[in-house]
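Working notes for the structure below.
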Amino acid sequence: MPETPPPAASNLPSLSLHIPEPRYRPGDTPDFGDIVVPAVEATPRPGEASKPDAMRELCYGLVRVLDFDGEAKGPWNPNLAPDRLRQMLRHMMLTRAFDDRMFRAQRQGKTSFYMKCTGEEATSVASTMAIDRADMVFPSYRQQGILITRDYPLIQMMNQIYSNRGDHLLGRQLPIMYSAPEHGFFSVSGNLATQYPQAVGWAMASASKGDSRIATVWCGEGSSAEGDFHSALTFATVYNAPVIFNVVNNQWAISSFSGFAGGERTTFAARAVGYGIAGLRVDGNDPLAVYAATQWAADRARTNNGPTLIEHFTYRAEGHSTSDDPSAYRAAQEASAWPLGDPIARLKQHLEMLGEWDDERHEALRKELEELVKTSQKQSEKLGILGHGMHQPFETMFEDVFEEMPWHLKEQCAQMLAEQEKKFGPDWKPE
Amino acid sequence: MMTLKDSGATKTMNMIEAINSAMDVMLERDDKVVVMGEDVGFFGGVFRATAGLQKKHGKTRVFDTPINECGIIGVAVGMGAYGLRPVPEIQFADYIYPGLDQLVSEAARLRYRSANDFICPMTVRTPFGGGIFGGQTHSQSPESIMTHICGVKTVIPSNPRDAKGLLIAAIEDNDPVVFLEPKRIYNGPFSGYYDRPVEPWSKHEASAVPEGYYRVELGKAATVREGEAVTVLAYGTMVHVAKTIIEESGIDAEILDLRTLLPLDIEAIEASVKKTGRCLIIHEATRTSGFGAELAALVQERCFYHLEAPVERVTGFDTPYPHSLEWAYFPGPVRIATALEKIMKD
């Protein structure tokens, strides 16, 4: 390689490389005063068939319904009945109770890994309530609220987390990588944003068959940087696919703040603009806003008016996973300083303002859900926990690589069984 | 299941026509089959493999896609999850890399990771191989990358009749299949002598292709030439090159056309090598970690005490596929004849 030539004499400043840096690090006192939170009434609600270029400002605004006093108002108010609101609260609270319990189970050594969605419960719960039960969801890894909202048995989630005898995925997947086709919940990959084009393909198939079902798909702001995200948006706009893209902007991708996905320059909803699809930026801690935005996008998709990208502006209140220690890279008070509050507290406040809820009922519900989780956990643990005993017959390791096992896998399976016999003695039999 | 015998009238077809016919038959038989890819719709594909299919089967069954291989394969995974049977085309195998994550981490493992909740009955068709002055981005042979993925089947036809039957079997397969089409022989078998006139498929007996539905089962090799002196393992274009050189040499070689690399027809390979005691492997792909290495390992594991000479590999070189010097890269007559001479001498 030739040597770098010396810089030419010039009066221009030299180039400098920008490396994004979050504003607050451990020890700092975060101040989110500069985050613009427009008034609830300020964000207009266009018709579901509006042209994307006529509603671009929604990519830069913030869809809101609940004000900070707990009142629901403005053009996006979905006007849900109190029973429905209580249902929503219950799903969010159950999600949180489940998370707390499973996080603890991991700390107790009962499984290898867990991921909480604390502070983000509104995004998956309210979104799921706003679509049809038959619609297909392509989740990322922090959407346990979807399964809970669709009444997927907690014990089955736990069985998967423990990789135990009841795990219908046969212990093959990392904890929380659920799969639940009967509940319209696609298999969680673990690779990031790969589900994005897949959801578009599902939606294209649905449209091509004259079906009425739509697809929704999830990723974080961090993984919106993946090529798959952009592939998906391209295909969706080209074929006008009936799909809702959800980007949960929880500010942090493990230790990388949203600036490393381009968040310093524009919003994530604004990614929609370049593709000519509808974009909505939503207060992700306002369950009614999430519900309203999703309902709008679902109606739009179902009437052949095309895809929508929804950015859920929220905050990841806890670590990325049980393997993460956020105190090493971000200011401890960020979650409490977050200007959009906590989704459960906000819905509770709203229900109280309506005279439909109170502290006593809230506490009773909290205890009831905690008990429910505890009972399910006990049942699940009867089927085993990770690392204590063998829960799956060894040969299941070789099954389902293909529909029918080819000779080379049969040979390898026999080899593995022989290894186990050698290890455990002649009386050993596979479970 | 229909076999070749009862599948009705035959028609003379080249590889492209046979591949086209396979998709036509399957689009007709199964409304879940969709064909998509760059330029495959109205235009009918840059190699004409999908010519006329959109007109006949409609735009929602056969359509163009954005130039985005990650999207093409990713979307096909989703279509499969819905219940369709997608047949995406990647315009050149050299372009499959942007879609590789969707193939390796998603399509290939979906059945496994979801314990049969979701499957991926997708067939990725893609032209591969050189000898057409395609340069380094239109000539590669990535088959060993495909066979290294667990959960994907890899199929390579070498003639029109096999191409149609294998493609139908691939489309009907409930697992993802990478169907690599040797583009050098789309229009006629290749002798290995680039300076000789191209012989059309019509002069080859395998161009008599049944017009209707039939399957050539995956995982079965074909014996192209029976012999006693040496076993030649080849696939795709190299089957024909091998045949020419063997005929010139007068050596009584047995040529196996592998047809499916994974799952591999190990029984056929084992039986032949045990009979001949010698094994020559020929592929166009680069040498190091090529599929020939796998074949050589399997042959020595299973046939070591029957071997009378070291297993030989004739391959492309470990360089990018050069443009102007492609015939110096190509494992042609001289390289094959030299290896044959060596293996017969030992």
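Just so you know, glycine gets a Cβ as well, placed from its N, Cα and C.
As annotated by TrEMBL, domain '2-oxoisovalerate dehydrogenase E1 alpha subunit N-terminal' applies to A:13-53. Summarising the annotation, TrEMBL assigns domain 'Dehydrogenase E1 component' to A:90-382. Positions annotated as region 'Disordered' by TrEMBL: A:1-30.
If one looks beyond the domain '2-oxoisovalerate dehydrogenase E1 alpha subunit N-terminal' (A:13-53) by at least 6 residues along the same chain, the residues whose Cβ comes under 8 Å of a Cβ in the stretch are 7, 61-67, 73-76, 257, 259-260, 264, 272-273, 276-279, 283, 292, 296, 299-300, 303, 305-306, 327-334, 337-340. Secondary structure of the region 'Disordered' (A:1-30) per DSSP, as helix, strand and coil residue counts: 0 helix, 0 strand, 30 coil.
Mean model confidence of the domain '2-oxoisovalerate dehydrogenase E1 alpha subunit N-terminal' (A:13-53) amounts to 96 (pLDDT, 0 to 100 scale).
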